[in-house]
Every structure is written in C-alpha cells, then in structure tokens.
C-alpha cells in the first residue's frame, strides 16, 4: 500500500470541499512558495509625533563652544523654512486674497496647492484640520525643548497629545555626553559635526519631496524610520496596538506621515501619523505557488492554475491581491479580492491529476526549475540536469512530469551551466507515475489559439456539410415513411376486417345451430303431444 503525505491547510468536510495536496502538485510543477496570514485594514485614527531636530548638549567643564551645532542649526533652518511657509500658506490663507476655497467650513489656500488633484485637496483639508492639535502641542514646546530624553510623551492634563522624538538625542545621550569632560573641545566638536552631518543628510533625503509641497507629498513610514532612527519601535508601539510586529506594519507601508506644523525657533516639527485599524482573519491563509514547466504527453507543458490561492477552512478561491500590501508573513487588504474557482480546479488542487489542465509551450523561455527548501525541482526533459558530485547525468522518465533532486541523489547540481549545492532531503516519500490524457492539454498562446481556431472552423464547415447531407437523407426517409405508414395502416385495417368477418361467421354458425336444435326439440314435443292425444281418444 502506498502511503503519502498530504500537506493540507484545511480539512475536507463536503465532497466539493477539498484541501490542497502540496506533494502531488509539486510532482506536476506547481510548487508552494509562501503562506501568509490574511488581514484587513482601514485608516481610522491619527496620532502626532513631535520631532525635535536640535539636540540638547550638557554643559562641559571646559565651556566648549560647538560651532558644528551653529552650522547645523543654520542649515536646518534653510531646509525647513520653505516647508513652514508652505504650511502657513495652506492653513492660514490671506484674508485679503480671494483665491481660497472652503470645504465644510475649513479655509484652504488654493494658491499654495498649485495644480492639485482631489486626493491632494483632501490631504490639504487634513492638514488644516490638524492645526488645532498642532497648536495645542506647540504650546508645550518649551517643555519639549528642555528635555534630553529621546522619547517624551507630551501631555495636557491626563490626555496624551503626542510623542516627542529625537533620534539624534539617543546618540548624544549614549555616546557624546559620557565623553564631554574627557576630550578636548575640538575633538568633541568634530564628533558632533560628524553625527549632525549624517543626521542632516538623512533629513534632506526624507524631506526632499516636502520642499515642493507638504500637502501633496505625504511622508512614508520608511522615510520616518530614517527620521526617527533607533526610536522607531518605541514610537510604533506607543501609537499602534496590535499583535502584528512593528516590522511587518512598517514594511507594508500602512502608516504614513504628514507634516502639519514647523516651529523654526525651537527646531521642532509636528508630524501627523495616520494609524490603520487592522483585523486578522484567523482561519484565512493566502498561499503563493510557483509554476515551472513539466513534461506531459511527450511535450513541455505548464499547469493552468492561479499563482495565488486563498484557503479558508476547506474552501479555496483564486486571490489576485492586486491592491494588497504584502510582507513576509502577512498580506494586508482593504477588501476581499477572492475569485471563484471551478470544481475541476479544486479537484486538481486536491491532487486529482485527471482534473488538471495543462497548456503546451514551445519557442518561449519558461521557468524550468525552482529551489525548494534546499532541494531542486526541475524539468530535466527540457534542460540538462548534470550531477557533479557524484558525476552522472540525471534522467527523467517519461511518466514523471518533473524531477525532485535532493541530497540523496546529488550534492552539487548543474542545470544548463548553473551550479547549485543541494543541502536538504526531500520530504516526498514517493514519486507517483502520472497518467494524463490528451484532452487535458489545451492551448493558451495567441498563435496556438489562432491555429486551433482555424482547425475548429474547418471542422465546423465539414460538420455543416455533413448536416446538410443528413437533412437531405432524412427528408427522403420521411417521404418513404409516409407511404409505408399508409400501407401499414391499410394492412392493419384489412386484418381487422378479416378478423371481424371471421368472428361474425362463427357467431352466425353457432346461432344457426342453436336455432336448429331448438326447432328439433319443438317438433319432438309436438309429436309426443299428438301421440298422447291419440291415446286419450282411443
């Protein structure tokens, strides 16, 4: 008895609901690549981050004057001044100018936007709406500036307004402040200049799009990651509550920032962070597959199945995920993009090879091998598979669609001149002999489809010709059938007439015989009566 492993992410309950048989699919060139958890997200709330761009430096015993800080402050002012002016033009349009627009009671400086799309105007509305919180946070600028903590919560009463962050302060606190009294002023100034220069380079990279228009160019969280530096995990943890790791959320780009205020005197920047609401569907898995060519019916073919499958319990759907954000372990979507699979496709996913459909390929570059967990799955009938250690050619039999090469078969493998080191064993316990009918192979290439359509048209024309001939024959058969029906009806009527005549004759014969018998009895009685009368007279 053959025993094989069915790697299945769900459990079959109904006959039309089956689980994915990854081992069988691998043997026909359909290889599982990645499994991700499906989550849905929507932008629902906001948080604020105060970025403190000028660090606090403790006074030294030598009363050093750091020229690098003065130069850094001057350069930073030149960088932030256009941003501050642009925000002020959008948030506070001139009362004497008529070129401003109101959206739901909010005044927006249209001239500052330039040529803006609907999405950009929406961003400007968001910027204006955030000014109330920005002013409340700016009112506490002195306390923010006085602290030398890298992460500092800005609170008004018991309500947290924002998180004050200074990435460069973390470097100053951990490295520079411990050496202030042990080095000369020149050495400290050079070290500080190096740190501030690197940080300024990152700021220039992050805010370069903002120099054009902050309302039209939101800051991605990847750029904020450079801005926040080592404080990024702490900020994400403080602003977003979810079981998903901060790295997954940041790499997906679900959080975006927008500059809503710049305080030039204190070198502080208030950034509004759009925080998503994330809901994970616990039993929904999105499986990515990688298709390679296979040797089917003496030709190179490829299986016709979608590259991405959604499996919820024991049901499968095609899942393009065109508008989703993918990370290593999660896929974030705003809505469900599932598409229905045919019953044949579901049966094929379950390992029923007779339900699979393949498409022949010729004259085109195809994926003919893939690395899988330290092994190689290759179509060794369409490319040269040569094992170098030990040295021997790898042959793929006709009844195998692909060949799985693991450490037991080869240590160093060459595929058309490319060398690979095999480091793992395959977890497939056996290779099934495949039997695939010719009807399971269809053409999907445009040229092949045109050729097949020409054949179909020729067949249809021949079919029309045969149909006309058969119609003519049927018409002849119909005429003869009418004559035959009349003859049969006449014969039936004649037979019925004969039968009725015979029955009438039999009835007449029996009736005549009965009448004669009655007459005979009557005459006999009359004779006896006459004899009795004669006897009485006598």
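Glycine is no exception: its Cβ is also placed from the backbone N, Cα and C atoms.
Small disclaimer: the values here were computed from a predicted structure and weren't measured.
If you look up Swiss-Prot, you'll see 1-19 marked as signal peptide, on the strength of similarity to another entry. Annotated region 'Fusion peptide' per Swiss-Prot: 103-127, in sequence order, evidence recorded as similarity to another entry. Annotation comment: Swiss-Prot describes 324-333, 348-356, 380-385, 387-410 as disulfide bond, evidence class similarity to another entry. The topological domain 'Cytoplasmic' annotation in Swiss-Prot covers 508-538 and is backed by similarity to another entry.
For the disulfide-bonded residues listed here (356, 380, 387), the lowest count of other CB atoms within 10 A around the CB belongs to 387. Distance between Cα atoms for residue 333 (disulfide bond) and residue 348 (disulfide bond): 27 Å, as a whole number. For residue 324 (disulfide bond), the count of additional Cβ atoms within 10 Å of its Cβ stands at 22 [all protein chains shown]. Residues of the same chain that lie 6 or more positions beyond the ends of the topological domain 'Cytoplasmic' (508-538) place no CB under 8 Å from a CB of it.
Proximity of residue 410 (disulfide bond) to non-local residues of its own chain (separation of 6 or more, Cβ distance below 8 Å) is seen for 387, 388, 389, 390, 394, 422, given in sequence order. Spatially, by CA atoms, the disulfide-bonded residues 324, 380, 385 include one closest to residue 348 (disulfide bond), and that is 380. Shown in sequence order, 378, 393, 394, 396, 403, 405, 413, 414, 415 are the residues of the chain, 6+ apart in sequence, with a C-beta less than 8 angstroms from the C-beta of residue 385 (disulfide bond). The secondary structure of residue 348 (disulfide bond), as reduced to three states from DSSP, is helical. For the topological domain 'Cytoplasmic' (508-538), the DSSP counts in helix, strand and coil order read 30 helix, 0 strand, 1 coil. Here the disulfide-bonded residues are 333, 348; the one with the fewest Cβ atoms within 10 Å of its Cβ is 333. A straight line from the CA of residue 380 (disulfide bond) to the CA of residue 324 (disulfide bond) spans 36 Å. Taking the Cα atom of each, residue 356 (disulfide bond) and residue 324 (disulfide bond) are about 28 angstrom apart.
When secondary structure is read from DSSP and collapsed to three states, residue 333 (disulfide bond) falls in the strand class.
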